[in-house]
Every structure is written in structure tokens, then in C-alpha cells.
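Copied from TrEMBL, the annotated features are:
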- ARG41: L-glutamate binding site (BINDING)
- ALA76, SER77, TRP100, THR148, ASP167, GLN190, ASN232, THR233: pyridoxal 5'-phosphate binding site (BINDING)
- 5-343: domain 'Aminotransferase class V' (DOMAIN)
- LYS191: N6-(pyridoxal phosphate)lysine (MOD_RES)
Amino acid sequence: MKKHNFSAGPSILPPEVLLKASQAIVDYNNSGLSIIEISHRSKDFVDVMENARALALELLGLEGKGYKALFLQGGASTQFLMVAMNLLEKRAGYLNTGAWSTKAIKEAKKLDDIYEVASSADANFNYIPKGFDVPSDYDYLHCTSNNTIFGTQLKQIPQVDIPLVCDMSSDIYSRNIDYSKFDLIYAGAQKNMGPAGTTLVIVKEDILGKVSRDIPSIMDYKLHIKSGSMLNTPPVFAVYTSMLTLEWLKAKGGVAAIEKENEKKASLMYSEIDLNPLFKGFAAKEDRSMMNATFNLTNDNLKETFETMLVEAGISGVNGHRSVGGYRASMYNALPLESVKALVEVMSELESKA
Ligand SMILES: *Cc1c(COP(=O)(O)O)cnc(C)c1O
């Protein structure tokens, strides 16, 4: 039986994508060769890369607006440093909303001065700080659109006159926002797009080339752009599979269509958390993430019963992150509504048993 996969990352992909990707491993487009055993310079793969880069921009409404899409390696964690290397000259602002923001701050500090414009560390990151000021002479403001571990999401895009950088690893392509408000977006593929191994970077070209440091080649966005995201051997399978997911999303009607499904899933999940007295949500209500719902049992004695029921219902991946505890239901684009229904059913069954 196929499981209901609530894993936080790497995470669920559409079954159609898994099927196509597995076929391409054996024989890519009836070429007699696997997608992972052909040259990345071959026409077959260059077409994949170009299609993936074009779709990445098109689905966010960013084509023809001065942006370039790159499929890089090293995960979102490498972007913590790469962003600073390419953009940090004097001082940058960081909005600290969770474990990933904290890590981004730590890496950027190795290069130069950064300032935390606001932080929710005082409450174990269960809310998003609001009403902070960002000096207009900073090099950029860095934010995290969705805090995967804590289950909070940035609902309001910060209004700034300086370049806006955002780690969108866990909610890119999930909601219909004005992506052109951002100058640089990065996202590890393994949450909402593809397998681990590639990181999507979308950057507005005119913010680059302004720092005085001599950037190492592999860390230099401009060189990656110049080489068509082929500065060295790209992670071919991860790029190909990400392209398949983007094609799947486009066929479904794009980000606007998937947002409606994601809203339905999240609202079903959160109404159970709110109405069922055995559960309590972790994140502040107005900041709740549509992707990762974090919650706890109100009575720890029910832990074993609940977890046995989850296993019996084929529900996988709902254990919370070690820094929050409790449970986390990750409801990425590919998770069907039926899976949320199955989880909610177990929760309400627990209530009737207790
Ligand atoms: C998972 C995650 C990361 C880390 O991604 P890696 O690809 O493992 O480096 C960074 N930021 C956010 C918001 C994440 O969810």
C-alpha cells in the first residue's frame, strides 16, 4: 500500500513524476541510454536544463523581467554563504524567524557585518515578527518565507527599497504571491520540487557585480549565469526530476491552481487541530504555515495510542522536528487532500476513543 507521506523533506513527489523519472533512469526517451549516463553537454540534457530553467521562471510569473534561474548544488545551506559572497559589501539585514534563518545569519557573519532586524527567538520561533525597520543603506534584506521546522509562514512580503533575498525552500510554487517583489530567491529542491541534490536560485541580474571581493568561481552567480547553469557538471537527475514536477504543476494550472488545493488541505488540518481538545497548535494562528502544520498532544499519555493508530492508517512522516517536539504534518504540493483527510480521521478517532 502506498503510504500517506507527510515527510518534511526530502518529501512527497507526484506519482506521475516518480514513474517518468524511473523510466528515464532506465531508458531516456527511447534513446537506449539513461538520463544519468549521457553527457550533460548533449542536446538531450541541454534541452532538459533549458526547459527546467524556463519553467522555473514562468511558473512564478518572472519571465522577461530580468531574472535568471540556476540549478546549483550544495543545498540551500550553501546559499546561506553564496548570497553573502555575491551581495554583502558593508552590512545586510536579516529577519530571524527560525533555525534556517539562524544558520543563514551565522554563515553571512563570517564574511561581514549583518544586523538582525527582528527575531522571534524569544518564543522558540512560534510567530513572525512584524513592524520592523530596515535601514535603506543596507546591501539587502534576507528573509525566510516558510519556517519548515516551526510551521510559520511570512504572510506579508517586507516592503523595502533594497534588494530582497528570500529562502523559499519549503513553500516555493505553493502560493500565488508577487514573486517580482524579490530580487533573489533560493530553494533546495527536496521540499516542493524534486529530489535532494539541486537548489534552485532565481536572481535578478542587475543586483549582481556590486561587491568588491574576488568571488571564488563556483560561488559566483554571474559565472553560473554565463555558463547557462553548466559551470560544472550539474546534478542531472535532480534537475530532470525537478523539471518533471514543474511540468506537472503547469499542467495542473500552475501556482494559482495549486494554492487553492493547498488552502483546502491546510484549512482541514488546522480546523481539526483547533476543534479537537486532544491537540494544540504550536504556531501563532495568524502566522500558520500552509505547508507545515506543527501541533502537540494535550495529553502525553495518548502518545503511544496515537502513534500506533497513525502507523495502522499508513500515515508516515508526522513526527515533529527535535527542536519543537510533537508532530508536524508537511502538506507540500504533491500531497493529495485524501492524505490530510486520513490524518484528520485518525485525530478525531483518537478523540472518540479517549
Ligand atoms: C530544508 C531547508 C533548508 C536546508 O536545505 P539543504 O538543502 O538541506 O541545505 C534551508 N532552508 C529552509 C527553509 C529549509 O526548509
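Each Cβ is built from the backbone N, Cα and C atoms, and glycine gets one as well.
Automatic prediction, not curation, is the source of TrEMBL annotations.
Quantities reported herein were computed from a predicted structural model and do not represent experimental measurements.
Checked against ligand 1, the binding-site residues SER77, ASN232, THR233 give SER77 as the ones with a Cβ under 6 Å from it, listed in sequence order. Cβ crowding, taken as the number of other Cβ atoms within 10 Å, peaks at GLN190 among the binding-site residues SER77, GLN190.
For TRP100 (pyridoxal 5'-phosphate binding site) paired with ARG41 (L-glutamate binding site), the C-alpha to C-alpha distance reads 34 Å. Classification of TRP100 (pyridoxal 5'-phosphate binding site) by DSSP places it within a helix.
The secondary structure of ASP167 (pyridoxal 5'-phosphate binding site), as reduced to three states from DSSP, is extended strand.
Maximum C-alpha to C-alpha distance over the listed pyridoxal 5'-phosphate-binding residues ALA76, SER77, TRP100, THR148, ASP167, GLN190, ASN232, THR233 is 30 Å. Among the binding-site residues ALA76, ASP167, ASN232, the residue whose Cα lies closest in space to that of ARG41 (L-glutamate binding site) is ASN232. Taken as a whole, the domain 'Aminotransferase class V' (5-343) shows an average pLDDT of 97 in this prediction. THR148 (pyridoxal 5'-phosphate binding site) counts 27 other C-beta atoms within 10 Å of its own C-beta, drawing on all protein chains shown. When Cα-Cα distances from LYS191 (N6-(pyridoxal phosphate)lysine) are compared across the binding-site residues THR148, ASP167, ASN232, THR233, the shortest belongs to THR148. The number of other Cβ atoms within 10 Å of the Cβ belonging to the residue listed as 'L-glutamate binding site', over all protein chains shown, comes to 9.
For ASP167 (pyridoxal 5'-phosphate binding site), the same-chain residues 6+ apart in sequence whose C-beta sits under 8 angstroms from its C-beta are ALA76, GLN79, TRP100, SER101, ALA104, HIS142, CYS143, THR144, SER145, TYR186, ALA187.
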